[in-house]
Amino acid sequence: MKQIATGSMDSCVMIWNMKPQMRAYRFDGHKDAVISVQFSPSGHLVASASRDKTVRLWVPSMKAESTVFRAHTATVRSVNFSGDGQMLATASDDKTIKVWTVHRQKFLFSLNQHINWVRCVKFSPDDHLIVSSSDDKTIKLWDKNSRECIHSFYEHAGYANYVDFHPSGTCIAAASTDNTVKVWDIRSHKMLQHYQVHSGVVNSLSFHPAGNFLITASSDSTVKILDLVEGKLLYTLHGHQGPVTCVAFSRTGEYFASGGSDEQVMVWKSNFDCSEYSDTVRLQHKTTSSVQAAPSSATAHLPLNSHPSAFLSQTSDPSEHFNRQDSQTAAHAQSSIRSSRQGRATHSQTYRNPSTSSSSNHQTQGLLQHPPHVPAQSQASDGGVPPSLASTLEHIIGQLDILTQTVSILEQRLTLTEDKLKECLENQMEIGLHLQKREDD
């Protein structure tokens, strides 16, 4: 993982370099809030969509060069590169989806059947299809070549804020304002899974590159990890102090990041116990030759009061591999980044550890029809500790480590709060003295 791109209500695009010694880049150009950002598949370009009705293509370097697409007649809410990086799709409040060539920067065609604002647009992994979600309570599936809508999925209680393709290209998932996440099969058009795990609007989601897990971001201030094989909620992550507006896996799935209205972007380490799903991962790679890396973009429409209005998945080093550590903890935050209006990257030294909670009370049909691997409960033949007990003890130790780190973080936060309070009191005293001097004069 090298970089993270964020968009903000302050109309800036930020590129955060994950190496401690590297500075962040701040790109000014948009005249209003930046609602969506995404790296190109190669990582050489960044696209941003804004309320100023434009889309910009940036070269992520110190020069901050950009090209402007006078894209729509209203707010542009979503931008997405095709898998080959040759095309760009945009969605807008003008009720249209537009497709552009990246290199020639020419408009190609428009898709016009939505009757309300279009919130999100995505290319399928093989680039043959396009999916879009709208305030008209429909999710439309389009054939890119014929430019025809081939199916509409209907939402009844709310509308989909965000929609994306499963890495296999056979399913789509939608994050809805009715607090639910739904997964549909695009071939049979049937709903495969329906998750009612959030207590607030679901703003964003992202598939793990292997297709086994789905992370969701909600206005209830949580990030949740869903196990698509078992069809259940796996973990709930707490860290943001307000609505979580966007979330995305890195290209390898080793990390994921979340952004919220608390002006924080948090980077998390994925410590899934992926050994249980190694067969499923291999199966997917055998049967789907067109599987892409996790879609790069996981930006979301945000409330007006939020600061980081969009967040993009990280570009990853070619040497990175899918993490298969036998760790039972879901994820722990690697670092947090606080957006700065002065453009400075202030990497927090505190590690944000979520209070993770495992849940199995929500069981639905499994998305991937592959039984999970259940290790046999074997006793140690030499009279030692049984493997299952050893694993449990290791898990408990890991959780105790997390609790210890959490206490440390709380102590550091308390110290920071005390320092800030002291600074405020000193400033008030200075102001009071200054005013008193003025009165005396």
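Placed from the backbone N, Cα and C atoms, the Cβ positions cover glycine too.
Note that the structure is predicted; figures quoted are calculated from it, not measured.
Taken straight from TrEMBL:
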type	residues	note
COMPBIAS	288-299	compositional bias 'Polar residues'
COMPBIAS	306-317	compositional bias 'Polar residues'
COMPBIAS	325-367	compositional bias 'Polar residues'
REGION	288-387	region 'Disordered'
REPEAT	27-58	repeat 'WD'
REPEAT	69-110	repeat 'WD'
REPEAT	111-152	repeat 'WD'
REPEAT	153-194	repeat 'WD'
REPEAT	195-236	repeat 'WD'
REPEAT	237-269	repeat 'WD'
- Restricting to the repeat 'WD' (195-236), report the mean pLDDT as a whole number. 95
- Item | DSSP-assigned states of the repeat 'WD' (27-58) in counts, ordered helix, strand, coil | 0 helix, 16 strand, 16 coil
- Please spell out the DSSP helix, strand and coil residue counts for the repeat 'WD' (237-269). 0 helix, 20 strand, 13 coil
